[in-house]
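Worksheet: the structure to be examined is printed underneath.
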């Protein structure tokens, strides 16, 4: 099939993403940062769970490792916490590498377990890492966490300083704007890499291992190696996502990487449609932004009771709507949001090209590997 | 010595309550293949029903309503949602249960407010003494009830048609279905059983020594996950052993925290169950009593 | 092919952007308020000002937070009815973060440009995520709890004594008034985290000063059955227990200790008591041995004009509302912010920075008995006071706590952060 319409819509979306900061308020910028950071994590997880078939409930643990490695390697030593003071670019690379390394170290364990067994073993990882984060307070700052140095390249800082004032087309570019473009670049690269990986030789090997380890072995695929590489790649993605979360918060604390965070990653990829890179991105948009947007705007809904009056107040309603939305997608949409979009596109096929529904990610390519 | 004995008894009685929850996980998982993330909310729901009803209808009738309510909600979740999933895959079902959990827990939290709702259990804050060791009456009762409950489960699974049917359905659904076992019925029974066990656990977890129903009770289901996992995913006896092991570990790690702290860091009691779980999974990937997962060629 | 197209588009966009780029700030004109000579900034117009409240209306603290929202809104309605502040009406922007740091940060971003101060950011993880951002914006933040870690922020106003001061006072009080002998062991049961950790630090300092031993037991909010901890405390033969946790743990610990025959005083920190505990099976144990050591006056305090005003206001705002320490707490947080806003107005600088400067200017803030008198906010990093309220759990007092005394013990006074 032709990739042209998809590529064009991807390009349009990219241009929109580039232009958005010019018109958005801080609320939407901050939401966007969280969305892009979690999207990268979700893409990594969908490679592991959706493509390679290894269930992981421990993604937040790897994200935590990335976040803390970044914070520690780029931070300065103070009286309470130590730091290396490395350049942030190096810190970001280290975050990915160390997370990947831990992933590699964990993969022999992962290799012994399958499916839900593996999922629950990785659940344990979240608690173990959390325990370490709270107790190794010389490096992590303990329960309260530590602050994170702003990202900077060659003296240009992605914060409100250096340069203190920067405007593009008459719009002041604060730290949030600058981070937006950094995150967008990282997200595009990560999505592009993941799509290629998934469509390429490695991705096909992973999918074969997922479908049948025996058959994959018979075809000459090293099963253990394929599993390990999926774990390593996914952990590296989580590490980068963690470092980005650290930047988006401006600090790291163990609470950010709780079990809920792990589970949220899983919700993203299942809602989006397992194995689909674009689906993971859409799922991240949904899971990350919906609670934020509901929290911000639910008080505008007229039929809800005032907080404290005992009736159904906006915040409770928002939380329930979030839960119901998850249920509705899973009950009504086969293959998650990506599956629904695929069917919608198939139905719209006779009238091709530009006017088709927005399908999120830029390089949504080759999802025929199944 | 009596200190050690007291901690051991504490741990074992708490472990038995955990094993009720763990058995609920195992039964739902074997009968429908669902990782029930909403189990904690059902534990809370059972206790909540007892707490709000005991004043008007008395404690024991309230207990009956609580058990029935938790069972019904389980059956309804299965009939309305799980059976109608668009993709009938384990991961999808697990996430579905998360959605259910969010809805149930949010609503229950709103209703409970910042009150600590008491259950009105007739055993109150009394204790039973064995020599110089004392145990809360609620705990002793919990141990007794749990043993009876597991006896009943054993009878159900080994001596009744329904129970044998459930085991057959768990072992091989399609074949069992061909043999005339109605899978919808075995699934509903599984969810109902899990609901009842959850409500019983909820009642014991919220009566003395715990002060009453608070939303945090739902978290206790997470404490039961290691118990379930290390016992083996599909084994009810495994859940009992897992529960006892986890209860014992938590109690001992907490009881000797001041001695362990220099090596393990503070607050290790919370992590210990997961560490035990990972270690057991490493040695026996399908848990202590779980059946080996078949590798299909 | 398409790759090249995309690259070209990106490049041209970048070129365009560079062409429109500027690094010189336009001469800033932070709006001088119309007729009066007060400088204004975010969240203040000629006739109105907006303050923010980031609270938890859908998470674990929802119920108590709702009481605080009701009381706060009633407070500012009253202020507005009396003519407002600086001739401006005060609007409260309430947002719910649901105890989720991610939501707290995002909501903060949306709120910060439109408010002159944040009266409250509820919750440990949420406030520790927001405080550094607010510090960069020099925005007043009140009501973040009593953790010592929050003291380091210049923009944070702590409502009364910090957790370490409370715990140090608790140890002092046991030795001075509750017949706990020197050389004995005192148990500290505390939540993981900055609240519990800070309390432990205070108790350890006091133990060193007063010659007692500490037996520490760490728990989490999910620990609702404290049998194991209680056995360990009873085994060590503790002469008293300091509890830095929540109401559920207070009831469980008191009940189990009593059932094991350990008849020792238990002193809970700020948020550990709730009147509904007196309906639980642990009620007798609590009535016998439980005390509360708080930064803020308990609900029942007939001698304090401030507390009476707070309670009357709440009774008229929500006649059926739950009574408890949240009522005076919300009132005094609003009161502290009101004083800061008035100070900023007098100094002619009603900007966020001006509000922070105004409250930091005061070394003796009084709140009509809601908090101890003479709060000193001039020193960043130290608790504003060493005085706390001691109450005893009582079936006769309204909201279950009977005020015994205000105390400032020797080890509370010698405690110092970072020293």
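The backbone N, Cα and C atoms fix where each Cβ goes, and this holds for glycine too.
What TrEMBL says about this one:
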type     : residues  : note
TRANSMEM : B:12-29   : transmembrane segment
TRANSMEM : B:34-53   : transmembrane segment
TRANSMEM : B:59-81   : transmembrane segment
TRANSMEM : B:133-157 : transmembrane segment
TRANSMEM : B:187-206 : transmembrane segment
TRANSMEM : B:212-231 : transmembrane segment
TRANSMEM : B:238-256 : transmembrane segment
TRANSMEM : B:262-283 : transmembrane segment
Between the transmembrane segment (B:34-53) and the transmembrane segment (B:133-157), are there three or more C-beta pairs closer than 8 Å, counting only pairs 6 or more apart along the chain?
-> no
Region pair the transmembrane segment (B:133-157) / the transmembrane segment (B:262-283), three or more CB pairs under 8 Å | no
Based on Cβ pairs under 8 Å, which of the stretches B:12-29, B:59-81, B:187-206, B:262-283 lies most in contact with the transmembrane segment (B:212-231)?
-> B:12-29
Apart from its near flanks, which chain residues at least 6 from the ends of the transmembrane segment (B:12-29) lie with a Cβ under 8 angstroms of it?
-> 35-36, 39, 42-43, 74, 135, 139-140, 142-143, 146-147, 149-150, 153, 190-191, 193-195, 197-198, 200-201, 204-205, 220-221, 223-225, 227-228, 231-236, 238-248, 250-251
